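Heads up, the thing below is written out as structure tokens.
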């Protein structure tokens, strides 16, 4: 049984687990999956790729953004038996670009990367970060 | 071989796209403990994952490539050295070509301000406009960074070099920097018009002082002129000061921190190790978070932490009174001497100490003051630009699409915008800066979308108070709070918790328990709510004309999408307890 108290304009209800076990009778409005205002996921209703999807992080917007978009688009629309096998050139171009920015595009398994960056603690990358930061003002 | 290395990014894709880990690819989205303004990865993302799984060989290739890459650690190390030398070469070759001006005379996308909203907009523009060239002009010497850790995570770091590294541990245990991207992400301003695929350049330590809207140009503090096609104003705000302190003179000003930026964090961190007493003036988000952070420090060293503010309790303008009072007790347990109902009359220096005189006659002696009394939006450009400033909320007045004039948008703390659901408002939270920055970027590239996806915010005050919120969370509104109640059989534990000490001898615990009325019946009987009731977990609805316009998720997480949905619906619900059921408050 839930208990209730009123403090001025504020109502306070305490409920036990049992109180909340019965399904809710609250009604929610049905969502329109094609609502143009809504935040979209990775694939838009028309089948295009949403490059602005937060799920992509900085992939489509960084220095290798164009290569990434090119490779991923190719993959997305590829109708080959091995999907994406006709996109090798684009992937290669993307990988080559990403290798130039290892601090932006970690090339290894996440855990490995943590370990290796600890080893490389005083690496040129870390120092150049500090240097460039000072230099940029 | 053809496969080796070329499809290396597929593991990255599947890593990025599988639902729960999707958020770890975010650089902007912080923290990932809640599904923040991340859109809907579930449906669309899993479709693509299906593509990848159906292409079975692809996944196999991914695994193969992963292994190959792991064996190539040495190659990674050598590439690191290559990148460093290459970037040094880039710098020297750039300075060699004197033909290129340091600052381009024209940019397609000009972003005024270098904070969260500007960065989100830059990313959005780059994602949508292939090869876009974006220039950020920032007064701050630092590259774009996120503010929330400056008053939370950075203070709790075990790393003695945290003031240098500015790295913190996220909710998921992973470490990251407060900077959205390392320097290598950005191109130099002078190269911006020439770099093949465009990019984002940051001009740090420069201020836009004049805006010519007719001519689509701006002038910087050093006289440089830049013309633009589209412009975003994301100038944020500056910390307010108390009139009493402004009157007080240099001696007092020297012992004052107006907390906002990295340098303020570094300075306050140092001061906290040097003085005996710090007083925080202000009882809102920033003041309370800093009080808790310093209070935690106070426990391991000889530091007194005082917090004073005019309201009756911490977060008094945000939380209903009963919850604000409860929170205040929690802040006190973090080692803070909280003084509510305190209005500062004057501040002076006596001996080597500060003396704060309150209007009710009380006096507070301290060594250093942190003022967290609000933010003044930076609207100086309104004059030269001829832009409207909102008289109710402050900030530049923009429409539902964040537009001020034809080619000018405003996002973040400085934007007073029209929210179709909740009305005209101005929001000073991190996620709003992200959401509005992203929206502005979309609209600067032709989207013409209104503010629709509600941003959220959060705060942590010690180990017992962590909440996420969305919408209009204003304590003057009527509220309905639904909290998880401990049953009779849980009472001894809750009694111990209510007494405030987790560590107690068993006999004392028993003594406490027997004082609490326990029903003799076997079925769990609810207790009559009383003073000192434990508001451990729950959901609070804020109502305007019987419609839920704001929700606080109190010590429960990962429920933001349902909260957002309820506000979006804007329906009148007869029984809010039924709505509360949707949140499963009894589960973790």
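Heads up, the Cβ atoms here are built off N, Cα and C, so glycines get one too.
Range with TrEMBL annotation region 'Disordered', chosen from B:33-55, B:56-78, B:79-101, is B:79-101.
Of the candidate ranges B:488-530, B:531-573, TrEMBL annotates residues B:488-530 with the feature region 'Disordered'. Summarising model confidence by region, the domain 'Mitochondrial apoptosis-inducing factor C-terminal' (B:440-569) averages a pLDDT of 74.
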